[in-house]
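S.K.: Let me begin by handing over the structure; questions about it come next.
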Amino acid sequence: MEIAVCIKQVPDTAEVRINPETNTLIREGVPSIVNPFDENAVEEALRLREKHGGKVTIITMGPPQAIEALKQTIAMGADEVYLISDRAFAGSDTWATSYTLACAIKKLVAYDLILCGKQAIDGDTAQVGPGIAEWLSIPQVTFAVKIEVDGKKAKVERLLEEVNEIVEVPLPAVITVVKQINEPRIPSLKGMLKAKKAEIKTLSAQDVDADQTITGLKGSPTRVVKIFAPPVKGGGEIIEGSTDEVVSSLTQKLRERKII
Amino acid sequence: MDLRKNPNEQPNWKGIWVFAEQRDGIIQSVAFELLSEAKNLARTLSCEVSAVLLGDEKIEVDPLFEYGVDKVYVAAHPELKNYLTAPYTSTLAEMVNTYKPEIFLIGATTIGRDLAARLAIRINCGLTADCTGLAIDPEKKILQQTRPAFGGNIMATIISPNHRPQMATVRPKVFKKIKIQKQKEKNVIKFSPVIKGEDLLVKILETIKDESVKVNLQEAEIIVSGGRGICDQKNFKMIEDLASALGGAVGASRATVDAGWISAHHQVGQTGKTVAPKLYIACGIAGKIQHLAGMQGAETIVAINKDPDAPIFKVATYGIVGDCLEIVPALIRKVKELRI
């Protein structure tokens, strides 16, 4: 079974701030991590390989430093990894990103299954997985919490708002996974040594047959016109007193504001 | 892969569409919220507001007219009864290409986000996810779509200058649904979808109901959430009691879900749900940034926590420093007393 997993290196979003004077992102000193949902996708791919045999190929599109993210997946046990990196990709939105990743997958993997995290924690769009599926004209199943592969089809349990839905999908397909699907493994010492020594293959737009008129900013229908810090809520009022007093005071305030 | 290069010609694209998401034939609140906001946007654009509804032959269009839509486009087909990505995408792509709306708004639910992401590639347009603000640029007449990113630490305004429709998914509960007084003539346009076999590859085998979910979190006006500070799984009972006394839903922090105290359907935060109720009561929740990202859109936040330095107090409208195990039961008694 050939599995492709798309990952993204993201800043640890808890640390990202806006410079209020320039309204630009402050990236200095912010650690980079593998998008947590993508770690779950890698873990799921490794588990499926352990069960069904085959190969796990990791693909990321990003700047040269994304090699570190790929190395982490080698340490976890991935068979092959590729960095897709080109100046032509700069400024890609989800439309152009899904196109580029679809080109790379098509070129590099005889895929039975493509796994992605449900969304990246920086952009939070959840659009790239379905986008890849559309470019490759294969089915998508989003928000997976359980995947069982049986020959040329998979049974997938999806985590929805109020219910779980079980669907059957023929392979190949794109499946995006949620956090609850598994607990990503800690890389072994052997894995880490292997990752350290690994040479990471870097491919350009041309290498993956991506049409450069529709990659990067040129190929992106959307434009970010402004970024700004969210309005600060600021600490409110601390209600003090005995249990009875605080409860009375709170309910009174909520009633005055017609909330309860 | 076919190349989708040419921006869609703009002048022919007119009007605002709202996807009328239905589940079991019931049109979801978010659709009414978006229709109400679409009417505001339509005033600046001097255009019509239409709803687009997919379902089976029994689907009811009437509720949409209570929110002042000019037209309802309906595609009825047995295979559109329940949401499935492929037949919905193909049908909507056909409809968009036939009627050419300038703006297309979709609720940012699991259905909406699954659908919009696929549709945007199919019809070659830009898509902004999970918006919390919409406006029309008064000069250029284009849609300004504002959304949180980086876990809510940053807001970004995004436009799609050259592609049509301008498509966005919008978070539930951001806009108020407003019924209109006088209904217009019921203008229903029926669209006959052609569903191909290749769009029916995915089959729904089973839907498992989570009995612990009594009120949908994302639709709830009031949410009471429990965190580690409630100390024990069995204390979720008091969270449920407070929620039911207030007519609200039960939320949970990631720590409690990971500990197996409650199912993942209740989880609020970056890896769970994003909610924006009128009132959010955080009981024993420290308020890590990942949790705050999921609930700081709430109108009023009440935090109850033993630790006076807990970050939750930084976003709380009202804070109570104390033990949930004492405060929450007292609060339940008080709420019940006031309701009598």
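Glycine is no exception: its Cβ is also placed from the backbone N, Cα and C atoms.
Below are the features I grabbed from TrEMBL:
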type	residues	note
DOMAIN	B:16-204	domain 'Electron transfer flavoprotein alpha/beta-subunit N-terminal'
BINDING	B:ARG228, B:253-254, B:267-271, B:284-291, B:ASN305	FAD binding site
S.K.: Inside 10 Å of the Cβ of B:HIS291 (FAD binding site), count up the other Cβ atoms and send me the figure.
M.R.: 28
S.K.: Highest Cβ count within 10 Å among the binding-site residues B:ARG228, B:LYS288: which residue is it?
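M.R.: Of the binding-site residues B:ARG228, B:LYS288, the highest Cβ count within 10 Å belongs to B:LYS288.
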S.K.: Near chain A, which of the binding-site residues B:ARG228, B:GLN270, B:HIS291 can you find when the cut-off is a Cβ distance under 8 Å?
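M.R.: Correct list, in sequence order: B:GLN270.
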S.K.: Once the chains shown are all counted, how many other Cβ atoms turn up within 10 Å of the Cβ of B:ILE285 (FAD binding site)?
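M.R.: The Cβ of B:ILE285 (FAD binding site) has 32 Cβ neighbours within 10 Å.
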S.K.: So what pLDDT does the domain 'Electron transfer flavoprotein alpha/beta-subunit N-terminal' (B:16-204) average out to?
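M.R.: It averages 96.
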S.K.: Return the count of C-beta atoms lying within 10 angstroms of the C-beta of B:GLN270 (FAD binding site), excluding that atom itself.
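M.R.: The Cβ of B:GLN270 (FAD binding site) has 25 Cβ neighbours within 10 Å.
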